[in-house]
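Okay, so here's the structure we're looking at.
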Amino acid sequence: MVKICCIGAGYVGGPTMAVMALKCPEIEVVVVDISEPRINAWNSDRLPIYEPGLEDVVKQCRGKNLFFSTDVEKHVFESDIVFVSVNTPTKTQGLGAGKAADLTYWESAARMIADVSKSSKIVVEKSTVPVRTAEAIEKILTHNSKGIEFQILSNPEFLAEGTAIKDLYNPDRVLIGGRDTAAGQKAIKALRDVYAHWVPVEQIICTNLWSAELSKLAANAFLAQRISSVNAMSALCEATGADVTQVAHAVGTDTRIGPKFLNASVGFGGSCFQKDILNLIYICECNGLPEAANYWKQVVKVNDYQKIRFANRVVSSMFNTVSGKKIAILGFAFKKDTGDTRETPAIDVCNRLVADKAKLSIYDPQVLEEQIRRDLSMARFDWDHPVPLQQIKAEGISEQVNVVSDAYEATKDAHGLCVLTEWDEFKSLDFKKIFDNMQKPAFVFDGRNVVDAVKLREIGFIVYSIGKPLDSWLKDMPAVA
């Protein structure tokens, strides 16, 4: 019986291995992690991450051919294929700080694999890593191998949180990169045979190691680029009276462009986009390609601009001051159908409003209060490091931030409300009830274009929607730069 072990029980490792176990009942799959609370959660009825469909998959396989354990060395020792899905956060200090990927956890995992292994293994990069990381990992394994043969493969994930299980069931493609040697090709075939249990062979793409590693960074950079492009267009639409939704539809019907990732918003977030673009920028700079680096820098700059522009619009619309005013924040996760708050635009918007002395009342259906408070108190880039290493700001935010359990409580007596996550439930709220319980004039700032602005204006709201023609009230406010 083939045994697969995955080091790292996070957003990638857990769901990926759960689906692999479901589709390959004859293969034993073990997910290991040094975090005992996380493993205990995977073995409980309350999983550590929220993902539609994940709970059903885990329940079908757990205890049969899917296991979760803190005994990392034991299961690595017993496995034939080892997936490494540990964090590769952005470095916070030293060479490349703020851009380069921190491979500390990856190197530690590689050294442990070499130390405990007594038989040949296929080691699979599942984490997103800089191009040519496999070469460094190969050297670590080879120099510590004690004669054992290791084959390194790159098998990047292309999951979207909120649809991860669907993406795993029906992937656009599976990408496997390996060495162009007999042993390397044999390793590629072994992993391809695993995926072929449910993925059509023609959708399994095999490349060299470096192409696979760079393809993941490129895919995320291209997606983020589209978001920044439409967000830059949203600013121009507001200035000219055009409607970004109509512009995006007209552009997206061009078959060369397509409609996906053309929804204007308050900005992109999540664990990958910004981190991977910063990594790509650093790689370009290290390879003497400043023009290429500057191109990708602009994608991040536009994203930051969009968040600042939104927060400034809130302040300027409300008589240029939000000091002491209650503002409801609807949605804190970086997108709907996930509890993930990593790099969510809500953090920057909330912190900017707090800096202007606003009082925030925050509601998100999946994000816990502890997480929200930690995010608003944390130094940048620390979110992807272990909790003991996270630096929390000395100044507290408790007096200005209140986390509540429903949207109606959040909006009661508020001067304005900001929609920062596109949760479906926000579309069906009783906005007449909300309006009646808010201070007047009552403002809605829709950062996701999910509410019906026409109906809200009929109720009496002053509405700002990203990239849409401005209310006459908003046109009279100071320009937002």
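Heads up, the Cβ atoms here are built off N, Cα and C, so glycines get one too.
In the three-state DSSP classification, CYS272 (active site, nucleophile) falls within coil. Summarising the annotation, Swiss-Prot assigns active site, nucleophile to CYS272 and lists similarity to another entry as the type of evidence.
Cβ neighbour count for CYS272 (active site, nucleophile): 26 (other Cβ atoms within 10 Å of its Cβ, all protein chains included). The feature NAD(+) binding site is assigned by Swiss-Prot to 8-13, ASP33, ARG38, 86-90, 127-128, GLU161, 272-275, ARG342.
Under the DSSP three-state reduction, LEU223 (substrate binding site) is assigned to helix. For 157-161, 216-223, 256-269, 334-335, ARG448, the entry in Swiss-Prot reads substrate binding site.
Counted within 10 Å of its Cβ, the other Cβ atoms near GLY267 (substrate binding site) come to 29, all protein chains included.
Look at the Cβ of each of the binding-site residues GLY8, PRO259 and count the other Cβ atoms within 10 Å; the largest number goes with GLY8. Non-local contacts of GLN274 (NAD(+) binding site) by the CB criterion (under 8 A, 6+ apart in sequence, same chain) comprise ALA224, PHE268, VAL300, ASN303, GLU343. In sequence order, GLU161, GLY162, GLY269, GLY270, THR421, GLU422 are the residues near LYS335 (substrate binding site), counting only same-chain partners six or more apart with C-beta under 8 A. The number of other CB atoms found within 10 A of the CB of ALA219 (substrate binding site), across every protein chain shown, is 17.
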